[in-house]
């Protein structure tokens, strides 16, 4: 069986589908080859009577994520705000503390200085890193050879700050601090708008969700493309030795095109044979960028009882014994299907896969009962979870991470074409990489690279800025005068030391002038 078209897209996630739609809209014939029995990739919306619909994969959108908002609106989708009306909870050392705002408050003055310096330093270091080429940062190699654990050991003076910083890394990239490059993580946070934007619900990356689920983005593009989207077609071979590119699938089908877009996580490239072989750096890159580990858990209740206690459902939970590190309210906008969404992250995900689904649910409910101080948390009516570690056509979630030393050596080839193969996927984005926004940016950029290759657009139109969403405008992230100018703990100690020396000198001079020194 032979199928000819202009472009073959490997991977039917949001990035691949966005690429296919743009090319289709420009009049090119496209075939999408998807390994799974569904489109959506790392977005996955299920429907049943208990949940109506629920996103078990990528779900959240917010201000400055203008491409996914534009595409979704074009497809007829609407957003709703994640509930953050009531108070948030910070659970640490067995106690719950209510707060408002993106970060838990700190009352110890020394810890506060340390805490403030942590976020300020990460944002300042991020400003030194180019979003489109992090390997060009002035101190790229120094930062890349350092793990985030090593960087946090340098920045943080108090255990409290180090622990919340570790949770921040776990939550942002579903990996441990000793696993990721400092350069890569600082870049990752920077290209998401900084520490406050990436972690926030209101005015941040988790502000909104799509009514009906994020899986509809890919599903509605599939409806547009029709039978040009082929499911259960894992690609096993790409041959560029002839005039056209020949692609073979696991079920022995042959497809032929002028160009190919690879819209899969880099590591899944190892499942595909290439003729001729991939260039050396590309061949090694795909063996060196694993995906994070996460289990997404949705616990359903009769009603959102936490709201009656003036809690919004957001919980920041510290402690090795706690299976969940972070939660959000996942109740439907009409108040139905009351639920708490929680992430089991990084090493905890790898540890808790040994338990049964029922055992994980019990641990979650016991934790929520303790954090919320409510026995109602022990009475779930339904439970859904998705262990992304077991997905052979994802390899994990949310995104691929770069261990120390990899970004500066191999980063340049991440989206560098190989012959007639162009690369998409959220990992190749320069803005909100790791999110649906990054997936759309990458897919449309790869599509425009092909449009340029065939002479339809000039080179300077490959990368295009996106107008701000009218429906979801962004408010600027601002810091107070104190947040900008408070010293770090070492800075305070130096200041106190200098003050002590100056005071002692002044007192000595005064005593000398008054003749108070005794001469022997």
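Think of each number as a place in line: the chain as shown, counted from 1.
Glycine residues also receive a Cβ, built from the backbone N, Cα and C atoms like all the rest.
Source: prediction; values computed, not measured.
Residues or ranges marked as topological domain 'Cytoplasmic' in Swiss-Prot: 2-489.
According to Swiss-Prot, the N-acetylserine annotation covers 2, on the basis of similarity to another entry.
Residues annotated as N6-acetyllysine in Swiss-Prot, with similarity to another entry given as evidence: 52. Sequence-distant contacts of residue 52 (N6-acetyllysine), defined by Cβ-Cβ distance under 8 angstroms and a gap of at least six in the same chain, are 332, 336, 337.
The secondary structure of residue 397 (S-8alpha-FAD cysteine), as reduced to three states from DSSP, is coil rather than helix or strand. The Cβ of residue 397 (S-8alpha-FAD cysteine) lies under 8 Å from the Cβ of 42, 57, 58, 174, 291, 292, 294, 296, 388, 391, each on the same chain and at least six residues away in sequence. The S-8alpha-FAD cysteine feature in Swiss-Prot is assigned to 397; the stated evidence is similarity to another entry.
The transmembrane segment annotation in Swiss-Prot covers 490-516, and the record cites similarity to another entry as its basis.
According to Swiss-Prot, the topological domain 'Mitochondrial intermembrane' annotation covers 517-520.
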